[in-house]
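Here is the structure we will look at, set down as structure tokens.
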Amino acid sequence: LFFLFLRETLAQNAGSIVTRELFEQMLSFRNSDVCPGKGFYTYDAFIAAANSFPAFGTTGDDTARKKEMAAFFGQTSHETNGGSAGTFTGGYCFVRQIDQSERYYGRGPIQLTHQSNYERAGQGIGVGQDLVNNPDLVATDPIISFKTAIWFWMTAQDNKPSCHNVIIGQWTPSAADTAANRVPGYGVITNIINGGLECGMGQNTAVDSRIGFYRRYCGMLNVPTGENLDCNNQRNFAQG
């Protein structure tokens, strides 16, 4: 019990904001019998992974920290959603992408995809080439699974800022971003994660789903969502 208490304490604000009780309330559907990932995503695994990223959920004031947790779980709940459309209660139901025809198909909370991301994530979480050699680690080790999601969240890549810096208000758009209508807010996080398929094409159900989860969690954390929630009119980052 002491070790468990110590481990949860070390997560600092990530664990103090998303308590075990709140985690269970937010993600109660994840252990439903209909979920392929039943039993995989645990609070202890989340806390253990959060401990590896000291700035995650600990940066800024109370509002910024709560918004980050709401945003992280909002995006990852959409990625792993197994619930009915429009309910925003079915997050963390899936561990693996349904289409598994490619070796580096989506796995884990962020649905890590493509060999380059497995390679970068492996280096980022300190396991070297293990994820490239055995990508199924992301679907069989819950701590590694959460770590890859938090690594992606915390890490700026190519011309994209980190999701972390965006949600805590530490991202300033470049001239290229401004020209592409990429503005601070939850919407640009969707652009970072899956802009090529969801952004710059007007209103669509995927973007609406991400927003719906985020709004639900902001409500549970009693924190405002902020502005610019969608990326409907943003050019995706691959287009410059």
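Each residue, glycine too, has its Cβ placed from N, Cα and C.
When TrEMBL is consulted, the disulfide partner of Cys35, picked from Cys93, Cys163, turns out to be Cys93. The Cβ of Cys93 (disulfide bond) has 23 neighbouring Cβ atoms from other residues within 10 Å, across all protein chains displayed. The C-beta environment of Cys231 (disulfide bond), restricted to residues of the same chain at least 6 apart in sequence and closer than 8 Å, consists of Arg182, Gly187, Val188, Thr190, Asn191, Gly195, Glu198, Cys199, Gly200, Val207. With a cut-off of 8 Å between Cβ atoms, the residues of this chain six or more beyond the domain 'Glycoside hydrolase family 19 catalytic' (35-57) that come close are 4, 7-8, 10-15, 17-18, 20, 23-24, 27, 29, 65, 68-69, 72, 80, 82, 92-96, 109, 125, 142-143, 145-147, 149-151, 153-154, 164. Comparing Cβ neighbour counts within 10 Å across the disulfide-bonded residues Cys35, Cys199, the minimum falls on Cys35.
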